[in-house]
Amino acid sequence: MPSIYVQDVTLRDGMHAIRHQYGLDAITSIARALDRAKVAAIEIGHGDGLSGSSFNYGIGRHQDVEWIAAVADVLEHAKCTTLLLPGIGTVHDLKAAAALGVASVRVATHCTEADVAKQHIEAARALDLDVAGFLMMAHMNSPEGLAKQAQMMEAYGAHCVYVTDSAGALTMDGVRERVRALRQALKPETQVGIHVHHNLSLGVANAVVGVEEGAYRVDASLAGMGAGAGNTPIEVFAAVADRLGWQHGCNLFALMDAADDLVRPLQDRPVRVDRETLSIGYAGVYSSFLRHAENASKTYGVDVRDILVELGRRRMVGGQEDMIVDVALDLLASQQRA
């Protein structure tokens with residue numbers, strides 16, 4: 001009977017769904033509800049991690065330190081966690097977060113670039129933080145290649161390494177193969193995590209498959225609040241885990257209430273599988289491109305699906321949000337020539 005560490009990402013990945021505009025009252029209410037529901041950890045910060053607030057990624061309503069301080073102040077059970085992308089967030093940012101009460105950090109890189117995480121993982125360990133490696137866009141690397149990247153993060157000091165399906169593009173077999181490869185390649189004491197998106201409507205199924213293959217840490221969010229069609233809906237996953245007899249420690253009804261009463265009313269765009277978010281999973285595109293691509297579509301009169309599919313064809317990855325407008329302009333020029 002598996003025991004699972006459930007990490008909620010409503011207040012970090014969920015930032016993408018509302019353009020990083022959570023108010024302090026909202027995050028405090030959500031964090032308090034999650035804490036009372038006994039989730040193991042709550043991640044807080046700009047959707048693109050510490051110092052992600054920028055023209056390229058989206059300006060946050062508040063600074064990370066304000067969000068973190070507000071959440072850390074109300075937690076009694078859950079760990080306060082955050083995300084850092086090397087090249088965006090710095091060791092200085094990490095130290096500031098730790099001083100405010102962050103106890104755990106995920107250091108995220110593209111699935112072929114684990115080497116850029118070395119400095120930040122080592123710094124996190126020096127701060128006595130729990131630290132996980134976060135291999136994003138996992139569908140763009142083979143299971144064997146991903147396992148080698150995970151071993152690098154393990155060598156730098158990561159306590160856990162995640163298979164991160166940022167595009168929501170993996171099928172269940174794809175998740176199974178990658179989690180199995182990591183579990184076989186890493187030391188027994190190094191944990192494996194699973195983070196998926198719901199773009200192909202496989203958010204819960206893929207999380208379940210991940211656990212079946214040895215993942216211990218599972219990311220999920222209230223009402224699936226996250227980039228694209230969202231993440232694994234935490235209340236649905238908890239219900240499925242209960243049906244399977246898994247130990248996750250969360251209060252199912254409390255999660256249901258928080259999802260419906262606190263999170264859904266904040267969505268200015270429904271977090272769901274629709275023609276745009278389905279196109280993200282179909283094309284294998286970074287889920288947080290959604291709102292940027294919709295803006296470009298509205299500005300230039302190009303079908304957002306065409307933009308997303310072309311981004312996938314060009315193999316654009318997180319950090320290349322500036323290319324979305326370029327793609328829209330190229331498609332517009334092609335239409336005008338036709």
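Positions of Cβ are set from backbone N, Cα and C atoms, glycine also.
Annotated features, as they stand in Swiss-Prot:
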type     : residues                             : note
ACT_SITE : His16                                : active site, proton acceptor
BINDING  : Arg12, Asp13, Ser166, His195, Tyr286 : substrate binding site
BINDING  : Asp13, His195, His197                : Mn(2+) binding site
DOMAIN   : 4-256                                : domain 'Pyruvate carboxyltransferase'
SITE     : Arg12                                : site 'Transition state stabilizer'
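In this entry, Arg12, Asp13, Ser166, His195, Tyr286 make up the residues listed for substrate, with the farthest two CA atoms of the set 15 Å from each other.
Apart from Asp13, His195, His197, the residues listed for Mn(2+), the same chain places the Cβ atoms of Val9, Thr164, Asp165, Ser166, Gly168, Val196, Asp219, Ser221, Gly226, Ala227, Gly230, Asn231, Thr232, Ser287 within 8 Å of the centroid of those Cβ atoms. Of all the recorded positions in the record (Arg12, Asp13, His16, Ser166, Tyr286), the one with the smallest CA separation from His197 (Mn(2+) binding site) is Ser166. When the CA atoms are compared, no binding-site residues among the candidates Ser166, His195, Tyr286 lie within 10 A of the residue listed as 'active site, proton acceptor'. Secondary structure at the residue listed as 'active site, proton acceptor', as computed by DSSP, is helix. A C-beta separation below 8 Å, combined with a sequence spacing of at least six in one chain, links Asp13 (substrate binding site) to Glu43, Gly47, Asp219, Ser221, Met225, Gly226, Ala227, Asn231.
Secondary structure at His197 (Mn(2+) binding site), as computed by DSSP, is strand.
Each of the recorded positions Arg12, His16, His195, His197 was scored by the number of other CB atoms within 10 A of its CB, and the lowest score belongs to His16.
Counting every protein chain shown, the Cβ of Ser166 (substrate binding site) has 32 other Cβ atoms within 10 Å. Around Tyr286 (substrate binding site), taking its Cβ as the centre, 27 other Cβ atoms fall within 10 Å, counting all chains. Confidence over the domain 'Pyruvate carboxyltransferase' (4-256), given as mean pLDDT on the 0 to 100 scale, stands at 98.
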